[in-house]
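Right, one structure below, let's go through it.
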Amino acid sequence: QQFNVTSYNATTVAIITLQAFAGMWINAFLVCVLCIAWVKKKTLNSNEKILLLLGCSRFWYLCLSWAYCSLAITYPIYLYVHPTFQLTIFFQSFSNCSNLWVSACLCVFYCIKIANFRNSFFIYLKVKTDRIVSLLLLGSVLSALSISITSYDIADKKLSKSHNYTRQGNLFKISNKTDEHFFHIFFIYGFGFATSFIAVITSALLLLFSLWRHKHKMQKNSMNNLSVDAHIKAMKSILSFLVMYSINFMVLIFSLFLSTKEEKYVVFLSLLFLFAFPSVHSLILILSNPKLEKTLISILSCVKCKVCMR
């Protein structure tokens with residue numbers, strides 16, 4: 001039995017390590033390219049600002065989540081102690097909430113920029129897009145910071161009342177007891193997840209409705225097929241993001257409910273998707289941007305040439 005548990009833990013660490021490092025490389029590439037462009041142009045547009053902050057938040061989210069999971073699986077006795085656990089909760093809460101809310105900001109930005117409604121308030125949002133994006137990003141960072149401070153305070157109070165977390169050697173026993181005591185932190189996480197999810201759902205549905213109406217109007221007026229194809233492609237892209245974000249939201253909430261149980265294989269599948277989403281979506285954003293895609297292809301071509309020369 002001990003061998004099976006050890007084998008499972010080793011396999012889990014190996015798989016999430018591969019996922020985490022692949023995602024870190026993808027998001028680091030995104031951040032580096034945007035920073036170089038920032039230095040050259042001395043400025044960034046709204047889309048690039050969101051992508052830059054999104055890449056940074058996802059990079060640190062993957063780093064901290066990988067460190068937390070690896071430590072919880074291999075050396076849990078050193079994790080649930082003061083102040084390691086409180087600091088881990090603080091930084092992981094900040095990176096996780098930043099990742100979710102900046103992703104929501106990206107969807108809101110696309111809705112404001114692309115959707116076409118004649119409402120006066122929506123027209124005002126279009127005119128003030130740059131200022132609104134800056135406010136949304138600032139609000140996302142401040143909200144994530146407030147939630148992380150609250151999570152740290154709750155973790156500190158709850159952990160100080162218990163002295164027997166490090167006496168057990170089994171990861172799942174420790175996790176079970178700890179998660180029962182830190183239900184308030186999970187509630188805060190759930191609130192943050194729900195807020196970002198509502199913003200994404202609302203923006204995506206408005207954008208899909210606007211694109212569908214515009215596509216239908218162009219087809220009715222027998223306009224260029226290239227324009228119709230472009231709108232269909234945009235609708236598919238937004239719909240795919242909505243599906244991915246919805247699945248990610250459900251997995252996040254599902255993992256909170258499972259955190260007090262010993263369903264380790266279900267938790268393992270949840271970890272797989274939670275580590276895959278920041279990587280896959282960032283890769284999709286890179287491939288959908290012509291400049292980023294061209295840079296990525298050139299880097300991969302150079303790496304391939306050096307390998308062939310060896």
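Just so it is clear, glycine is given a Cβ too, placed from its N, Cα and C backbone atoms.
Lifted from TrEMBL, the feature list:
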TRANSMEM  12-39  transmembrane segment
TRANSMEM  59-81  transmembrane segment
TRANSMEM  87-112  transmembrane segment
TRANSMEM  132-152  transmembrane segment
TRANSMEM  186-212  transmembrane segment
TRANSMEM  238-259  transmembrane segment
TRANSMEM  265-287  transmembrane segment
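The stretch from 12-39, 59-81, 186-212 with the most CB pairs below 8 A to the transmembrane segment (87-112) is 186-212. The stretch with the most CB contacts under 8 Å to the transmembrane segment (12-39), chosen from 59-81, 186-212, 265-287, is 265-287.
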